[in-house]
Amino acid sequence: MQDQKQAVKRVTGAFALIDSLRRHGVQHIFGYPGGSNLPIYDEIYRAEQAGEIKHYLVRHEQGAAHAADGYARSTGKVGVCLATSGPGATNLVTGLATAYLDSVPVLAITGQVPRSALGTDAFQEIDIFGITLPIVKHSYLVREPSELPRIVVEAFHLAMSGRPGPVLIDIPKDVGNAQIDYIPVEPGSVRRVGYRPTERGNPRQINQALQLISEATKPLLYVGGGAIMAGAHAEIAELSERFQIPVTSTLMGKGRFDENHPLSLGIVGMLGMHGTAYANFAVMELDFVIAVGVRFDDRVAGTGDQFAHSAKVIHIDIDPAEVGKNRSTDVPIVGDVRQVLGDMLQRTYHWERKLSRNKPRNGTDLNQLREPIPLTVPHPEDGISPQDGDWELSHQCPDAFYTTDVGQHQMWAGQFVQNGPRRWMTSGGLGTMGYGLPAAVGVKVAHPHDTVTCISGDGSFQMNMQELGTIAQYGIGVKVIILNNGWLGMVRQWQHMFYNDRYEATNLEDGTPEFARLADVYGLEAMNVRQRKIYQRRLPKALSHKGPMILDVRVTRDEDCYPMVAPGHDNSDMMGLSS
């Protein structure tokens, strides 16, 4: 008791908030000030003066949420964003939904009108607590200032444990100003009643899974974003090598396994609507699938049970709601992916001995598949193809962190860009145009000495191009590659394929700024590129430039992204394959 009494300090709620963030290792916050969150900003000022926390002023609150998202994905830590009440808070919504669908640990802190004004339709009052309930793991409205330290600890625990995701704390202005007796609450010391995610898989189900692995002749490890979030890269590699099981991934699972590894389904053996043909064909011939941290969503698995329709399926996921939701499962295992795979590996000796060494695995057949159905990179005589743009970028900068926006350029990047764990950031669930640039800001803040490249399109880039101001203000050295084809490219492709070339509201040739000139207005370096040879010469200079760099690459205008599985079709029914 004596120690506790000595630890008590009389402080404001805002001080307790910022000190609690600091105790969780928070060094960077992305945000935008307003009337309701000024008490918090006053404490951020003190923390910045002390060199404890750095705040980055974004140009739109959506950018703050995406920057916190990119920070979190690339580090495995909680990313923090901050907004004021009303429109500031609602501007976070798309960013929080993006993080929620991709299971990203983001802490959003919003200002709110004083408690006495709640429910009165006060200026800039909005029920952000209620608005965000479907798109966060948990929302808090802080009514008692003394509860702030506990709520922060609880929020970090919720964001990081189980299936990661965003958490929102809504703080009325008078709560931030209120004086409280502050006793710090140590990180990890608080657990939410009734919240106990299952981390260890059921031993009986793990044994059943190993039994099926030992009997399979055509197995496959199918890996998604859940494996990235769990940090299960080493366990996946060991399981694959120990049982000689080929590995493929979803768009969200890129980087989980060395794409040059003999057991990888190629560069890039990605499944789904725009996955590689050999990966999509191979999955239809399997007799066994180990699905790790995946959702079997429609862009990968089509109509669910059509996916690997002859195969038995083990589905491993931390979220019991995902197991068996879209594809029936023979052995469901609920638990932390890394823990479950680790437990499986500990038990494998017995099953390795049972594994018949003369049973062929499907690696040889897959090697044969790759040769007749490779990904192609067009080399137009006059210009540059978007595929060539992505391939050349990956070839010249293999160790970079990559963010993407959403559209054709995202799918081509998924096909051609190679990278390691936590070096690939894209909006795979919500499909948020405008994600890439602010996400790259967050990644670069977290990794100041690494190359961070945003791959965007001319449509997506205009969604959040105001964040060039943030980049300019803080000298954040991201490299932006805009694959500019003058279209909303993916929508145009669908209009071409399914709507008889009725191109309504997809032409961007008129009204789109010259991005290099726009960058110049912000005081940033930029280049225009229209020819492949010039691109090959200028790209190394752009990537090695110490500060920010924007490269406007005018690519061929009417290129379609193939292969493509039409909605509602199984993975073997692909469009755009040559006979």
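Including glycine, each Cβ sits where the backbone N, Cα and C put it.
Taken from Swiss-Prot, the feature thiamine diphosphate binding site applies to Glu61, supported by similarity to another entry. According to Swiss-Prot, the feature FAD binding site maps to Arg163, 274-295, 317-336. According to Swiss-Prot, the Mg(2+) binding site annotation covers Asp458, Asn485. Residues or ranges marked as region 'Thiamine pyrophosphate binding' in Swiss-Prot: 408-487.
Structure coloured by features recorded in Swiss-Prot.
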| residue | record | DSSP class |
| --- | --- | --- |
| Glu61 | thiamine diphosphate binding site | helix |
| Arg163 | FAD binding site | coil |
| Ala279 | FAD binding site | helix |
| Glu285 | FAD binding site | coil |
| Ala291 | FAD binding site | strand |
| Ile318 | FAD binding site | coil |
| Gly324 | FAD binding site | coil |
| Asp336 | FAD binding site | coil |
| Asp458 | Mg(2+) binding site | helix |
| Asn485 | Mg(2+) binding site | coil |
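Taking all protein chains in view, 15 other C-beta atoms sit within 10 angstroms of the C-beta of Asp330 (FAD binding site). Here Glu61 (thiamine diphosphate binding site) is compared against the binding-site residues Glu285, Ala291, Ile318, Asp336, Asn485, and the shortest C-alpha distance is to Asn485. Long-range Cβ proximity for Asn485 (Mg(2+) binding site), meaning a same-chain Cβ under 8 A and a gap of 6 or more residues, is found for Pro386, Gln408, Gly457, Asp458, Arg554, Val555, Thr556, Arg557, Asp558, Glu559. For the region 'Thiamine pyrophosphate binding' (408-487), the mean pLDDT of the prediction comes to 96. Within 10 Å of the Cβ of Asp458 (Mg(2+) binding site) there are 26 other Cβ atoms, across all protein chains. Spatially close to Asp336 (FAD binding site) yet at least six residues away along the chain are Pro197, Glu199, Arg200, Ala230, Ile318, judged by Cβ distances under 8 angstroms. Looking at Glu61, Glu285, the binding-site residues in this record, the fewest other C-beta atoms within 10 angstroms of the C-beta turn up around Glu285.
The number of other CB atoms found within 10 A of the CB of Gly324 (FAD binding site), across every protein chain shown, is 15.
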